[in-house]
Amino acid sequence: MLAGGCGAGVRGTGRAASSPPCSHPAGSAGTPVMFNENGDAPGRYDIFQYQLTNTTVPGYKAIGQWTEYLRLNIEEMQWSGGQQDIPSSVCSLPCGPGERKKMVKGVPCCWHCELCDGYQYQLDEFTCETCPFDMRPSPNRTACRPTPIVKLEWSSPWAVLPVCLAMAGILSTTFVVVTFVRHNNTPIVRASGRELSYVLLTGIFLIYTITFLMIAEPGVVVCAARRLFLGLGMALSYSALLTKTNRIYRIFEQGKKAVTPPRFISPTSQLAITFSLSAVQLVGTLAWLGALPPHSVIDYEEQRVPNPEAARGVLKCDMSDLSLICCLGYSLLLMVTCTVYAIKARGVPETFNEAKPIGFTMYTTCIVWLAFVPIFFGTAQSAEKIYIQTTTLTVSMSLSASVSLGMLYVPKVYVIIFHPEQNVAKRKRSFKAAATAVSASTRLSQKGSEHQNGADFCLPPHPHQVDSCLSPPHTHSKPVPYTSPPWAGERTQESWLLPAPPPL
């Protein structure tokens, strides 16, 4: 038998014999008869496709053959839906950029494509990996890129309003200080307590300037200045107001019990009390600076939103919400204490030494800060937290400073500039005589008509002395009702000045 039909030797002769040239006899179908190396005839197949046409009866149509290789007549083929292109004969298509292959169990050639979501990127064709905390995936999620850094800019709408308020407040405070310095020895300035007034105005000025530190680009110097001045200006202001209010309350209460003035009501004592209260804030801040040196940080968590394209890192100082409230806590305590004394002194006559204006100032300030708390903490989870909280804090501080400036000093400046005829000294009474008179008036139900014997004599004030009034001894024994305040010293159109103890 011949293998392959040609090229085989003659068996049984013991020697090789050359075969005749290769030839393939034709079969009954007219096709050549061939055998493979195993002596088998190769397969031969006709390929048919069932087709639906509008011109002929539907049926099978030959579109190709298989004899050792495939031969297809593409033009004769028909696809479902009239499609002209050859459909893909694969189980799964390749995955796109940013997608990983999730293999189908038991079918090695089939998979599902899954997009790397969130902050993930495509590490290889089978794995998605999360980007480092300070980075975000590229748009096609094939790599990671740095997260942009943002901060509160001076041109931001969130910064425009606080800066405008602070600038207006600084100019107004400077104008008030200049006016008081130019009219330093006039009765209204003296009656307002010059020493404490300058301290209070200094605190108000510092409150306005903190706005610029809160908006400035965070750094070691800026962060240290924020810690130092954020609470110092408020502590200085409310220490001065608390000292004033406490002085009024003590004098008012002392006048009901005795004719001697209370202790520590001189300007020097008032300044010592004010600076002692402010020193608590200063010492605490310095200790904080020493224990935890200030520095700037980049917070990537604050604006790490679900969409990586909107993710930002926030450049800010290392002050948490809790540390900021602790920094302001002492000042808020002084504010509440001052409000309590203002309520206690609400019965003081209107003309007495700013009692009523201080009360209205503290009530309004408390309302401002009560509105600040829910806004500040209610936006803790907002993506705009850094902007909203900074704007809320600076506006609240500027408003509280403006309330103090407007209610306590604008009326005085108005009188000094536009009504100088009212800025004159009036009749004075000593503390002892006035206290005795009012103590008697509280015990009598009817008004007395007898004029008090013995007038007070007031010397021209010494430049370094708040008051220089001397009172002669009273020759009558029966107290005479007197409707003026018992603590009346130098009275002006706006307020009463408390006299220092008479010099001996």
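The count begins at 1 with the first shown residue.
Cβ atoms are placed via backbone N, Cα and C, with glycine included.
Given the ranges 1-31, 125-155, 435-465, the record in TrEMBL names 1-31 as region 'Disordered'. Of the listed segments 228-249, 404-425, TrEMBL assigns transmembrane segment to 228-249.
Below 8 angstroms of C-beta separation, residues 227, 230-231, 234-235, 238-239, 241-242, 245-246, 248-249, 277, 280-281, 284-285, 288, 355, 358-359, 362-363, 365-366, 369, 393 of the same chain, each at least six residues beyond the ends of the transmembrane segment (322-343), sit close to that stretch.
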